[in-house]
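**Q** Dropping a structure here in structure tokens format, bear with me for questions.
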Amino acid sequence: MKIDNVSYRSVWVDADDGWSVHIFDQTRLPWSLDILRLTGRDQVAHAIRTMQVRGAPLIGAVAAYGLALALRHDSSDAAMERDAALLAATRPTAVNLAWAIRRMLTRLRTTPQADRVAAAYDEAGRICDEDVIQNEAIGRQGLELIGEIAARRPGPVNILTHCNAGWIATVDWGTALAPIYMAHDRGIDVHVWVDETRPRNQGASLTAWELGSHGVKHTVIADNAGGHLMQHGQVDLVIVGTDRVTRTGDVANKIGTYLKALAARDNNVPFWVALPSTTIDWTISDGVSEIPIEERDGREVTHIQGRDAEGRVTGVQLVPDGSPAANPAFDVTPARLVTGLITERGRCPATADGLCDLFPEYV
Ligand SMILES: CSC[C@H]1O[C@H](OP(=O)(O)O)[C@H](O)[C@@H]1O
């Protein structure tokens, strides 16, 4: 995606040294565009844990490069297994992380030790290239959906999205936002309701930044406003991303997604989920009982970061001293509340048969 007319991916290998890895520090957006140079396993693990880098497909890709960086230090079997396990454990919900590490190990376990570093960079690069191709395809599949709505009547297609599933959450294009970018670029009048997405505010700080940078009309709203807008006919479509989809179509996504799906169902608003097939967990069927939900530090709820009148980025406390906070970072939307899934191979119902029709080789 372009920033000030310069094309970027969200992760890349340094062109000069050929081995260090660059990411954007997403905890600094939208106030500053800081590029972090990652040079080792622990720095990558820290970046994922603290959400300097986040988004299901992107943390998988960055963890893959994290293993390549670790192998530069020690490419022995024992070190490789240890470092892979450490990286895979940095965040539990997004299946892309475990998938990427598993894919790396599948290649590296049969690679001679002397060739492992080169093979790891090659495999991590393939993971990145495939993510870009898949997300662009998701964009085209979702574009049809938006076009169908646009053809029905004049005026903007009003789309609500939750959290950030844009290009900064993936290697490029994004998932939920990819169709929106493509619709905008093709002249379709789209407007996006951007859920702020408490407590980390990925919507307010990242989705709004992305859409504004691309010139897409959008309005930031409190998370609690979506149902009201749907009741008053101001939402034509909900598109969200996801961190893990079960083989039966249950969807884990940022906390609050389930509540949006309930409101959408109650108001007959189509609720679509955009995902690459790398986000499907074919080993589980019941999302509510089987998907691990990350519990993050309560400080993310009790405190918030923003820019003050003098332009300084600072944090403030929102709750009384001593008030405990709970912070589940994801929830699961049962497939029955999902209108359909937008994947790189097409759209399908959120059902086992729907996924099987698109991805028969996985079942
Ligand atoms: C394209 S995946 C985006 C997905 O990841 C986000 O989680 P987090 O910000 O905690 O990494 C959120 O659930 C998004 O829908």
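Using the three backbone atoms N, Cα and C, a Cβ is placed for every residue, glycine included.
Dumping what TrEMBL says about this protein:
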ACT_SITE  Asp243  active site, proton donor
BINDING   Arg54, Gly55, Ala56, Arg91, Gln202, Asn253, Lys254  substrate binding site
SITE      Cys163  site 'Transition state stabilizer'
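Can you walk me through where each of these features ends up in the structure?
**A** DSSP assigns Asp243 (active site, proton donor) to coil, not to a helix or a strand. Cβ neighbours of Asp243 (active site, proton donor) (same chain, under 8 Å, six or more residues apart in sequence): Ala56, Thr93, Ala94, Val95, Asn96, Ala252, Asn253, Lys254, Thr279, Phe330.
Long-range Cβ contacts of Gln202 (substrate binding site) within its own chain (separation 6+, distance under 8 Å): Arg54, Cys163, Asn164, Ala169, Lys254.
Cys163 (site 'Transition state stabilizer') falls outside any helix or strand according to DSSP and counts as coil.
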**Q** Far apart in sequence but close in space: which same-chain residues, 6 or more away, have a Cβ under 8 Å from Gly55 (substrate binding site)?
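**A** In sequence order, the residues whose Cβ lies under 8 Å from that of Gly55 (substrate binding site) (at least 6 apart) are Ser10, Asn164, Ala165, Ile168, Ala169, Thr170, Gly241.
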**Q** List, in residue order, those binding-site residues out of Arg91, Gln202, Asn253, Lys254 with a Cβ under 6 Å from any atom belonging to ligand 1.
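**A** Near the molecule: Gln202, Asn253, Lys254.
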**Q** Compile a sequence-ordered list of residues in the same chain as Arg91 (substrate binding site), six or more apart from it, whose Cβ lies below 8 A from its Cβ; state 'none' when nothing qualifies.
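**A** The list for Arg91 (substrate binding site) reads Ile48, Arg49, Ile59, Leu97, Glu294, given in order along the sequence.
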**Q** Validating a neighbour-count step here. Other CB atoms within 10 A of the CB of Arg54 (substrate binding site): how many?
**A** 24
**Q** Using DSSP reduced to three states, classify Arg91 (substrate binding site) as helix, strand or coil.
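**A** The three-state answer is coil.
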**Q** For substrate, what surrounds Arg54, Gly55, Ala56, Arg91, Gln202, Asn253, Lys254 with a Cβ no more than 8 Å from their Cβ centroid?
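**A** Close Cβ neighbours, site residues excluded: Ile59, Ala94, Cys163, Asn164, Ala165, Ala169, Gly241, Asp243, Ala329, Phe330.
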